[in-house]
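Q: Just passing along the structure, written as structure tokens.
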Amino acid sequence: MKLKFTKMQGLGNDFAVLDGVRQTIRLTPEQIRKLGDRRFGIGFDQLLLVEPPQDAGNDFSYRIFNCDGGEVEQCGNGARCFARFVFDHGLTDRREIRVETARGVIVPRLADDGLVTVDMGPPRFRPADIPFVAAEDAVIHELEVAGQILGVTVVSMGNPHAVQVVDDVDTAPVTAFGPLIENHLRFPARVNAGFMQIESRTAICLRVFERGSGETLACGTGACAAVVAGIRRGLLDADTPVTVQTRGGELRIRWAGDGHPVWMTGPAVTVFEGEITL
């Protein structure tokens with residue numbers, strides 16, 4: 001089977017985007033792992049699948065698969081690339097679209113300067129919504145990792161995040177603690193682990209160890225979760241754009257507080273088009 005794909009990236013978080021509207025696509029986890037291999041396949045952090053919507057009031061359905069073959073609920077950098085893809089490939093002429101995900105509808109909007117802004121929906125904090133094993137919601141939960149007690153803020157942006165504040169992201173134990181947090185027993189569906197350094201009330205540095213992918217150059221939902229966590233902790237300003245510096249570049253995140261959606265703005269870039277035989 002020959003498969004047409006588009007390689008895209010958002011701040012170095014890279015994707016293979018597949019058009020499931022114009023071609024029928026049914027991939028097994030094993031096939032996705034092969035496609036994700038950077039030596040023998042396409043190579044990507046996530047595979048994004050564009051499909052027709054289930055609800056006629058929406059424009060598309062958006063499915064996300066990590067390079068380990070597992071399907072996940074949400075991907076912020078991928079959402080921007082998704083919006084750029086469907087517009088550039090003539091699947092829509094709208095600059096604002098409604099996109100179904102496994103955890104609700106998101107609304108990406110393309111700007112004339114090439115940036116994409118996405119309404120990522122409101123964050124969730126109840127332990128059952130993460131999911132996270134805890135008696136009740138708290139701004140900071142204690143989590144035992146490698147004999148140490150970490151203070152983490154848990155946030156669902158449609159996918160689960162555990163965010164901790166560190167003094168220096170460059171020396172933070174991302175590769176050592178990341179997989180331990182990801183697979184911690186208190187996160188039944190695993191979790192994305194964020195390491196956030198506060199620069200000012202409107203700027204942070206961030207590294208994220210992503211569930212099923214490892215550390216990536218940037219994580220859009222991780223940036224949203226980090227800003228939300230910082231605001232909940234009283235470290236960042238609400239309803240003000242916060243600059244998130246990742247290893248792949250900058251995102252702008254804005255959240256007005258409880259009950260409001262998180263707005264994410266950043267780039268989405270096409271790298272190349274291709275065709276691969278499975």
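Note that Cβ sites are derived from N, Cα and C of the backbone, with glycine treated the same way.
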Q: Per Swiss-Prot, which of Gln31, Gln46 sits in the substrate site along with Asn13, Asn66, Gly76, Asn77, Asn159, Asn192, Glu210, Arg211, Gly220, Thr221?
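A: Among Gln31, Gln46, only Gln46 appears alongside Asn13, Asn66, Gly76, Asn77, Asn159, Asn192, Glu210, Arg211, Gly220, Thr221 as substrate-binding in Swiss-Prot.
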Q: Tell me whether Cys219 (active site, proton acceptor) sits in a helix, a strand or coil according to DSSP.
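A: SS state of Cys219 (active site, proton acceptor) = coil.
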Q: Work through the binding-site residues one by one (Asn66, Asn77) and point out the residue whose CB has the fewest other CB atoms within 10 angstroms.
A: Asn66
Q: Report, as a single number, how many Cβ atoms besides its own are within 10 Å of the Cβ of Thr221 (substrate binding site).
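A: Around Thr221 (substrate binding site), other Cβ atoms within 10 Å: 30.
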Q: Within 8 Å of the Cβ centre of Asn13, Gln46, Asn66, Gly76, Asn77, Asn159, Asn192, Glu210, Arg211, Gly220, Thr221, which other residues of the chain have their Cβ, at the recorded substrate site?
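A: Everything else in range on the chain: Asp45, Ile64, Val72, Gln74, Cys75, Gly78, Val208, Ser213, Thr216, Cys219, Gly222.
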